[in-house]
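Some notes on the structure that comes next.
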Ligand SMILES: [Mg+2]
């Protein structure tokens, strides 16, 4: 089969516009409208400042907006993907990364990936918006390749190792998630180490209430969004153990490797330590794995794309650890269904009250599958590429051209 080359790459942004026009976040899922659980007094490293305590949007969590990367092959086939990088990402794609993409054959994804990573080392700082952008290009390339050869990405990656993906739900209402068929519910913590023992007591009261509602067997987890120190996390973990908390997630910033190592030693036996959504390099994931993180949680849109996610999964596998990516919908589904060390996956509840299942990247993707009874089947993923199309009724802007 003679494969076409990549003729064009284009980058579009939807900076903050999704929330204003559609009341929905798109690729920047934090960019939700008012009165959304995802922006309701969630503990962060900024919680210590009174003026930024109540809302993550108040300190700029939704400032980047959506990046859409579109790649077009010489035969006219197009692929696309999204991430969180907005206008900054558009600049990087159009003025820098385009040179590594255009002219290559559609199957040369690993070569392009390596050139993107190495050529941006002098300003990527090992993660952040540059890696988000590279991730979107990588994902768009996998989508294009799948669409050209008319196969779903998961088949290009070696095929499914299970017939279906079972999901836990992240959101404010694990009790409702249980009714919807999910296997567990992950709650954001609302208090951080800035609030001391009083903060611990308040989050434990929420956990106790939720345990009462969901019964003994349903999984409950805490997502701590980099808001704690080792002492606080240790005390919270021990206070949560009687309520069978399954794991403590992202207690510390991504580079505080020693804090993770220390917490792992201090935690009650059997409770899991998880993190990874804000780590953007392979080396960073190796360090987290070395520190004893039980579940690595890369975001495929922020860690370097599917190409990087497969490498991270291998690091976890080498130690018997799990890799359970941070949300990210179809871009995660097609990878994790091929991983033997991903027995379940995450569904981020983007409905404002977390009371029904809504596609995570609504309204940017068309045909985005959602779990029914907590499950997505391999058959539902059986469409070329990532199986989704770009909703061109979204207000896309192309701020730069090359
Ligand atoms: Mg998290």
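Using N, Cα and C of the backbone, Cβ positions are placed for all residues, glycine too.
Long-range Cβ contacts of residue 30 (substrate binding site) within its own chain (separation 6+, distance under 8 Å): 38, 39, 56, 57, 61, 62, 84. Summarising the annotation, TrEMBL assigns substrate binding site to 30, 56, 346.
With DSSP classes pooled into helix, strand and coil, the tally for the domain 'Mandelate racemase/muconate lactonizing enzyme C-terminal' (169-270) is 52 helix, 17 strand, 33 coil. Sequence annotations record features per position, and here TrEMBL assigns domain 'Mandelate racemase/muconate lactonizing enzyme C-terminal' to 169-270.
Just so you know, the Cβ of residue 277 (Mg(2+) binding site) picks up 24 other Cβ atoms within 10 Å once every protein chain is counted. As annotated by TrEMBL, Mg(2+) binding site applies to 223, 249, 277.
Residue 299 (site 'Increases basicity of active site His') is surrounded by 24 other CB atoms, counting those within 10 A of its CB over all protein chains shown. Positions annotated as site 'Increases basicity of active site His' by TrEMBL: 299.
Within 10 Å of the C-beta atom of residue 326 (active site, proton acceptor) sit 24 other C-beta atoms, taking all shown protein chains into account. When secondary structure is read from DSSP and collapsed to three states, residue 326 (active site, proton acceptor) falls in the coil class. According to TrEMBL, the active site, proton acceptor annotation covers 326.
According to TrEMBL, the feature site 'Transition state stabilizer' maps to 346. Just so you know, the Cβ of residue 346 (substrate binding site) picks up 22 other Cβ atoms within 10 Å once every protein chain is counted. Residue 346 (substrate binding site) falls within a strand segment according to DSSP.
For residue 249 (Mg(2+) binding site), the same-chain residues that are 6 or more apart in sequence and have a Cβ closer than 8 Å to its Cβ are 186, 221, 222, 223, 224, 274, 275, 297. Reduced to three states, the DSSP call for residue 299 (site 'Increases basicity of active site His') is coil.
Neighbours of the Mg(2+) site: apart from 223, 249, 277, residues of the same chain with C-beta atoms within 8 angstroms of the site's C-beta centroid are 170, 186, 224, 225, 250, 274, 275, 297, 326. Close contacts with ligand 1, defined as a Cβ under 6 Å from any of its atoms, occur at 223 among the recorded positions 223, 299, 346. A coil conformation is recorded for residue 30 (substrate binding site) in the three-state DSSP classification, outside any helix or strand. Mean pLDDT for the domain 'Mandelate racemase/muconate lactonizing enzyme C-terminal' (169-270) in this predicted model: 98.
Between the alpha carbons (Cα) of residue 277 (Mg(2+) binding site) and residue 326 (active site, proton acceptor) lies a span of roughly 6 Å.
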